[in-house]
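*Asks:* Okay, so TrEMBL annotates it like this:
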type     : residues                         : note
BINDING  : 22, 122, 166, 294, 398, 405, 406 : substrate binding site
ACT_SITE : 167                              : active site, proton donor
ACT_SITE : 352                              : active site, nucleophile
Ligand code: PNW
């Protein structure tokens, strides 16, 4: 059973999360092209070459979607604003239609008593800037801060919280070294530069928005429990290196102004010159940390492969539709470690947690008991982390709706609300009703 609201402290925020490109429909409302459109159009990158052109048509159906949150008894909505919708060329003249849309969206949240949690970048780099190198170009920090300023001039009087970047590891490493996301590079030099520039962009935007009077600024990082596949020394080293690249790089830079040696060893030769001079900007104080958590990884040494010479091993635990192991214990481990070793009393939010499942609409209903169990176990882990001292302030389920799951197209369903991608009809799943019931108890 999902733990009830009354077993959390007063004021603990329950919400659901989405991202612009995954739900809005990017062909509507004058948004400019993004690197995800071109990445998806290149065969082999995305299942069935699907893109976010229509997605859930949230652009036109946002009132119905926000009603689902309100009717379910949720407190907050985590959404992202699209850089390319606000600035179709990435810089220069804003798209008035796009700014008006976000205005209406935020007002519609407030009308329903939903607290707006905004994310500035959830992965759609405007093509005009991607063509100039995107995250590998040192100017990206200023381009991003300029965009942050434009959208904050419009929404900053009404949003409760602003996160700069969603999951810098995905933005930098997954997209420039592993090649799984746009721009699809497998290039250590591009990756090293992106690993640094994404943090420099965060710091530059925080400084800019702070100067505009914003006082609830943070970032959303993704974490996984990185564990050795066996008890060999090689596996222990592989887990430590993975932990440094995936978990420690970003939080150590932000909380301590340094990068972990195990990751620098491979990346340093490719970093932009003078990177050390940016560490003070990167480590300036923030007001909260968002934590995205889905699974763990098991690692072994892969000495035949180039740096970092680690390889994932399939684990024994039950898996979601993504093939990701279900490991709620890992969320407790990550949250307690963050508070103990890195952020102390800083407010922590789980900004994403959820599971993909091969859901089917049968007689107008989706019976997803597995998702309900996933929610119960992970909310339990949040309570345990709190009991061990982590300053937990909220939890956002990923995702409100089935949506565009990046390289997997529309095949993987994370929503607590089912979307029929032909009719675009929304149907709340059993897990939505179960979580709503927990929020009422
Ligand atoms: C996150 N990995 O992505 C994103 O913030 C969401 O947009 C996405 O829909 C959700 O999780 C589910 O995938 C991730 O390879 C993608 O480790 C890949 C990884 C982690 C997070």
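In case you wondered, yes, glycine gets a Cβ from its N, Cα and C as well.
Note that the structure is predicted; figures quoted are calculated from it, not measured.
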*Asks:* List the residues of the same chain that sit at least 6 positions away from residue 22 (substrate binding site) in sequence and have their Cβ under 8 Å from its Cβ, in sequence order, or write 'none'.
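*Replies:* Sequence-distant Cβ neighbours: 52, 55, 56, 122, 399, 403, 404, 405, 406.
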*Asks:* Beyond the listed site residues 22, 122, 166, 294, 398, 405, 406, identify every same-chain residue whose Cβ lies within 8 Å of the center of their Cβ atoms for the substrate site.
*Replies:* 19, 123, 167, 352, 399, 403, 414
*Asks:* Could you tell me the C-alpha distance between residue 167 (active site, proton donor) and residue 294 (substrate binding site) in angstrom, no decimals?
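*Replies:* One finds 13 Å between the Cα atoms of these residues.
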*Asks:* Which of 167, 352, 405 has the fewest nearby Cβ atoms, counting only those within 10 Å, among these recorded positions?
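*Replies:* It is 405 that, of the recorded positions 167, 352, 405, has the fewest other Cβ atoms within 10 Å.
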*Asks:* Could you find out if DSSP has residue 166 (substrate binding site) as helix, strand or coil?
*Replies:* strand
*Asks:* For residue 406 (substrate binding site), what is the tally of other C-beta atoms lying within 10 angstroms of its C-beta?
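*Replies:* The answer is 24 other Cβ atoms.
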*Asks:* Kindly assign residue 22 (substrate binding site) to one of the three DSSP-derived states: helix, strand or coil.
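*Replies:* For residue 22 (substrate binding site) - judged by DSSP and reduced to three states - the answer is helix.
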*Asks:* Just how many other Cβ atoms lie inside 10 Å of the Cβ on residue 398 (substrate binding site)?
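*Replies:* Cβ-Cβ neighbours of residue 398 (substrate binding site) within 10 Å number 23.
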*Asks:* Could you list the residues of the same chain, at least six apart in sequence, whose Cβ is under 8 A from the Cβ of residue 294 (substrate binding site)?
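*Replies:* For residue 294 (substrate binding site), the qualifying residues are 222, 224, 322, 324, 352, 353, 354, 355.
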*Asks:* For the substrate binding residues given in the record (22, 122, 166, 294, 398, 405, 406), what is the largest pairwise C-alpha separation in angstrom?
*Replies:* 18
